[in-house]
Every structure is written in structure tokens, then in C-alpha cells.
Amino acid sequence: MLSIGEFVADLSNPLLTFLPKALLIAVMSSVVCGVIGCYVVLRGMAFIGDAVAHAVFPGLAVAFVLQGSLVLGGLVAGVLTAVLVAVFSQNRRLKEDSVIGIFFAAAFALGIVIISRAPGYAGSLQSFLFGSITGIPDEDVYTVAGAGAILLLVALGIHKEIVAASLDREMARSAGLPVFAIDLTLYVMVTIAVVISVQTIGNILVLALLITPAATARLLTDRLGLMMVLAPVIGALAALVGVYLSWSLDLPTGGTIVLTATLLFLLIWVLAPKHGMLGRALAGRSGRGAVAAPAEDTETGVVQQAATRV
Amino acid sequence: MSTGPERHAVPALQVRGLAVDLGGRPVLHDVDLDVDVGELVGLVGPNGAGKTTLLRSVLALVGTRSGTVRIDGEISRRARTQVGYVPQRHEFSWDFPISVEGVVLTGRVGTIGWLRRAGVDDYRAVREALEKVRMTDLRHRPVGELSGGQRQRVLVARALALRPKLLLLDEPFTGLDIPTQELLMDLFLELRSEGQALLMTTHDLTGAMHTCSRLCLINRTVIADGPPEELTDPQVWIRTFGFREGSPLLTHLGAS
């Protein structure tokens, strides 16, 4: 295994220029995914995140075959699929999750068929699905940096509207917020975050970059602001350690980054001061923190009661 | 408040000839209802009577077939943002990592406007609202750790942060124990004595008889509307709820 010093030396080795580029893109996309992932986790949108990740695939394939911009291709495909899901969900006989299930699998299948027409089929398919740190063109670094910066600015700009709509749609609507447009914006933001991350981490694993750091951050804090700082930090840490381990042990990059993030999650799950397993065990013993539990129970009762009444 | 006492001639809420269809089915027809400043009006009726639909049409959340809704004399959609809405507690994501103060501030999100941050006046409104519901000392607490009664208070404060002309409450007492209900009722009576107009749906008929200044019995349309002590005709209760003749509930309500 390489020491950290050797890794730094490799990063500055002119023969290995792809390595710092890959590291930069991995860290930038984890930061962006960490922030956007907070919304995904808090709204319980993980399934939609997965759907979007699959839906961008045909767009990437078309862009790859036509030698066009991957970001643009992925974005078009992702938004198109989201619109199709929205339209087909109008049929009351089908629930939205079924419609999502149909269209994201279809989009993925289309991507596979399209990319099979391209020369060098097996290699390019594998790098799309599982990520690759080689062969990233310079301009992609700028695209990811630019798209990521715009995404973070938009998130900052409409943060309070997203929060209000996530807390309570009915109240948000009554306050005059365009709840549907806010949801759609959030889907597009998730799509862009996925597209810029696909290159290094791969189509299948990109979901972990959205969910795992944000979920880990949630275990550490009850404050949204802090959560949205912690999640990108955790994501960036996982990307940094993941790229280092994958380079020094010759492991696939995407998989190593995701496993590092998962390890961090498990660690925090056990050790988190307030919501971790250890913290709860300690609180249970000293009798503190038991205040919230009974209230939680009554609340569930209320929900059930209300549900039967409606 | 921007409204002087001279404008009290205008009711906070005036509904005239309201008809609402949901999915092509008539839910409400010919509804007339006023709520004046300093009034606590109870909206009672059986399940499916259209109580929640009436609240939602006041907020312009459902389309109306005919009729008008005036808030403080104004008919425009913009006037609806002068209405504070307290939905049922289960509509809110209580697992969200946000403090009491943060939730109350979201009540002003429509007033603050896009791409703007909350200003001094917004924080002042939040502080006043928390003071009114007596949650000031819990303002930094994450909402997930609150009891049922405290949660209801937070939702009331969120609505009050708008400094609304009218407060709409959807089943505020459901699932709360009696002492918590009484504390909450004291709060509503206090708001009423401060000149707030309140309209509340409830299933607690006896509680409503004791505390509301006026009751509106509704089943697809207004069956009866008046102060509790005047609702002594058993027929209106029977028509609204389908009670049996001689039901002990009627005696209980003083209408036999």
C-alpha cells in the first residue's frame, strides 16, 4: 500500500495528470451531492434519486455516441423522464412509484441498447456503470465546477422555499408558494448533481453519494444548517480517502468511495452523541432523553386516528 | 395591526353563496358565513360534511364553482395570504431537523419573498408569535422533541407569525389529552379577547358549546348558525348529524 507521501507525489507526477483531475472531480461532486442529498434524505426522496440516476443513462449514452456534452445529454434525459413520470402519474389507477419503476428501468434499458451501437461497447459501458478515473477531459473539470457552483447558488437562493414546502405542503401552498414548481426544481437539481458525479463514481453507485453523507450528517445534528455543512464535508472526506485507497490498493474508485462513506455512516451510527446507538444507550441508562418518546407514541396514535377518520 | 377599530364594520371573513365541487361531485353549496373580529366560531358537522373543504376554499386551495370569499373586505387572491392556517398536526414533517423558532419563521416565507432573507420585522413577528403561545423558552428546541400540545402551539405560532386577519384551525384538539386541550382552549380565548378572528373545525361538541362565541352547523351547507345558547332546536342537530330522536347527546347539548 502507498503511503500518503507517495500518494501526494503521484498527484503531482506529470505522467499521472488524470489522478489529480479525478480527485478534484470526485471531491467536487461529493460536496454538491452532499448538499442536495440533504433535501433528498429529509423528504424521503431516495427512490426518486435512484430513478433519476438511472434515467440520465440514455442521455449519457446518446451524448457519448454523438461525442456531445455528457452533462447536457444526461440533463435532457433526466428531465424528460421526470416529465413522463409526472404525466403518467395523472392516471389515478397507477401509483407514482409504479410509474417511476416503469420509466427508470425503461430509460436504463434504452441507454444500454444505445451504447451497444457504439464502438468499444464493453469498455464504455463498464466505465459508465462503475465509474472511471482515467480519460476525463480537462473541460469536464470546469463543467463540473461551474454546474456545481450554480447548483449550490440556486440551493442557497430558494432554500427557505424548499424547506417550507418540505415541512408542510398545504401550508406552503396557502402561503402562495408554487409547490409543484419547487418540487420540479428540486428534481432538476438532483439530476444535475447526479450527472456531474456519474463520471468518477458510476451510474449505479451515484445514489450513495446523495444519500449516505446526508444521512450520516442527520445522525449528528438536529439543525438543518449544520447538517448541510456536515454532509458535504463527510462526502468530501469519503471521496478523498476513497480515491487514495483505490489508487494505492488498485481497487475500483466508485466502489471504494462508496464503501468509505458507508464505513463513516456505520461509525457515526454507533458513536453519534445524541442519536447514535451508544448515545441512546447511555441516555436510556441515565433516564435522560426519554421525554420525547411518549410524545412520539401519542403522535402515531393521532395519525392513525386521523387516517381512519378521513 | 394595520387595521384600526373603525374597520371592524367589515368582517374578517365573509363567505357568500359558496359552492365547491370535488372530482365533479358537489361538496358544498350555498354556504354563507361571517367571522367578525374578536369572534371564535366553531365549525361542526359529521365526517364528509365539507368542513375541511370550506377551510381550504377560504385559503384558495380548492377552486370554487360559485360564490365569493372576502378576507377583511377584500376579494383578491392576495388577500388570502392574510389568513393564518393551522393544519392538522399529522400533515407536518415532525422529523425535520429544525427548531421551534425555525418553524415559526417558515410561516412568513410567502411574505419575505423570493431570494430574500428574513428581516428585523420578520424576527419581531416570530418573537411576538412565540410569546403569544408561550413557547419562547423552548424556541431553540428541535420540533421532533416536543409533546403533542407543544406541537399544536408551534403550528398556531407559525400561523400567527403572519399577523393574520383570520386564523383557521383544523381539528386542533384531536389526539390531545384533556388538560392539554384546556390549555390550548385558553390560548384561543386569549387570542379572541385580543381581537383575533378565529374559525375552527372540531368534533368536540360540548367543548365547542362552552367556548365558542358562535357555532356553525354544517352538512354540505350551513344548517344553523348562532350563539350556542340559541341552538336549542333539536331538529338542527338531527339534520346536521343524523342523531336519533331522543338521543342522550341532545340532552347533553341542551337541545331537547
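Placed from the backbone N, Cα and C atoms, the Cβ positions cover glycine too.
Features as listed in TrEMBL:
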- A:22-42: transmembrane segment (TRANSMEM)
- A:47-64: transmembrane segment (TRANSMEM)
- A:70-88: transmembrane segment (TRANSMEM)
- A:100-121: transmembrane segment (TRANSMEM)
- A:141-158: transmembrane segment (TRANSMEM)
- A:179-198: transmembrane segment (TRANSMEM)
- A:204-221: transmembrane segment (TRANSMEM)
- A:228-247: transmembrane segment (TRANSMEM)
- A:253-272: transmembrane segment (TRANSMEM)
Any chance the transmembrane segment (A:100-121) and the transmembrane segment (A:47-64) have 3 or more Cβ pairs under 8 A, given the pairs are 6 or more apart in sequence? yes
Checking A:22-42, A:141-158, A:179-198, A:228-247 against the transmembrane segment (A:70-88) for Cβ pairs under 8 Å, the most are found for A:179-198
Report yes or no: does the transmembrane segment (A:204-221) come within contact of the transmembrane segment (A:47-64), defined as 3 or more CB pairs under 8 Å with a sequence separation of 6 or more?
yes
When counting C-beta pairs under 8 angstroms to the transmembrane segment (A:228-247), the leading stretch of A:22-42, A:47-64, A:141-158, A:253-272 is A:22-42
Contact set of the transmembrane segment (A:22-42) with the rest of its chain, CB cutoff 8 A exclusive, min separation 6+ beyond the ends, reads 11, 48-49, 133-134, 136, 140-141, 144-145, 148, 151-152, 155, 162, 166, 186, 189-190, 193-194, 196-197, 199-201, 206, 209-211, 213-215, 217-218, 224, 227-228, 231-236, 238-240, 242-243, 253, 257
